[in-house]
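Features reported for this protein in TrEMBL:
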- 29-123: domain 'Heterokaryon incompatibility' (DOMAIN)
- 240-272: domain 'DUF8212' (DOMAIN)
Amino acid sequence: MRLLHSTSLEFEEFEIEEFETEQRKNPKYAILSHTWGKASDEVSFQELPHLRAATEGQKLGFHKIKRCGEVAAAANIDYIWVDTCCIDKTSSAELTQAINSMYFWYQQAEVCYVYLADFSSKELAKSAYPLGNHPSFCESKWFTRGWTLQELIAPKDVYFYSSEWELIGKKDDMLKVLHKITEIHPGALKKGTPIKRFSVAERMSWAAKRETTRSEDTAYCFMGIFDVNMPLLYGEGMKKAFIRLQEEIMRSSDDQSIFAWVDEKAAPEKFSGLLATHPKYFLKSKNIRSIGVWAKSGPFETTNKGLRVQLYLARMDKD
């Protein structure tokens, strides 16, 4: 994992361990969670050393990185990780490894700083609205992006900052507000709650309204939410990528709620298959619970003829 020193902004390489020992301890680092501006405003891995040495003409993205480092340093955190510059995106192998590792990296971070570039503390101070009803906060672009979902759920602590880098609040103190905006179960936002407690369908519902710039990222950005890994094949298209994601989920889970989705615009006579082609079809699945051990069925199996699965059926009396 490539980290930036919070004061010098120089790169250092580390192996992040799941289980630390006296001999091998992870560095303390903070994650910056943000929405990208114009591509030309963000700082790449190749650009950062030059911008660090420059005295004028800095990119907007560099100021964001520098301020994040200052906030971390003030909290005695020596390192930061920023997705724009800590990954060499010219290397497909490094990009694949980073995306497959991100959820774990977020879990191991000391804290995640959420920078809301489109929300001003000044607006909040002037407004009669409380934070949970403030339009600019509730409608922040950050809450609509695919990649930010795991940045909200995975880290131990999440601190929200305004565009002026003033602290708005901490995730643990904002559970009701965040639930209202994202419709994610408050329990899933609590520190230390195993995400596997929530069914596949419910987790998919959290992703239903999220958007990504690249179509395949509609699937790739949710891998950590389901604790799966898979190769990145940019160019395969969103539908194939999302089908592959569900197939990976089925290899490690027997949660039948993965089939609890609906395409309300599909023609009744049209067979659409057992797997969804987009997270949006799970929009109404947030209350789906897995029946777990009560499901008297065999394992899922993918064959060259399709999916083979035995499902548990129960008779339901109509009202």
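Note that the numbers count up from 1, one per residue, in the order the chain is shown.
Cβ from N, Cα, C; glycine included.
Any TrEMBL annotation is an automated prediction that lacks curation.
As the structure is a computational prediction, the values presented were derived from the model and not from experiment.
For the domain 'DUF8212' (240-272), residue counts in helix, strand and coil come to 17 helix, 0 strand, 16 coil, using DSSP. Across the domain 'Heterokaryon incompatibility' (29-123), DSSP helix (H, G, I), strand (E, B) and coil residues number 44 helix, 14 strand, 37 coil. Restricting the average to the domain 'DUF8212' (240-272) gives a pLDDT of 87.
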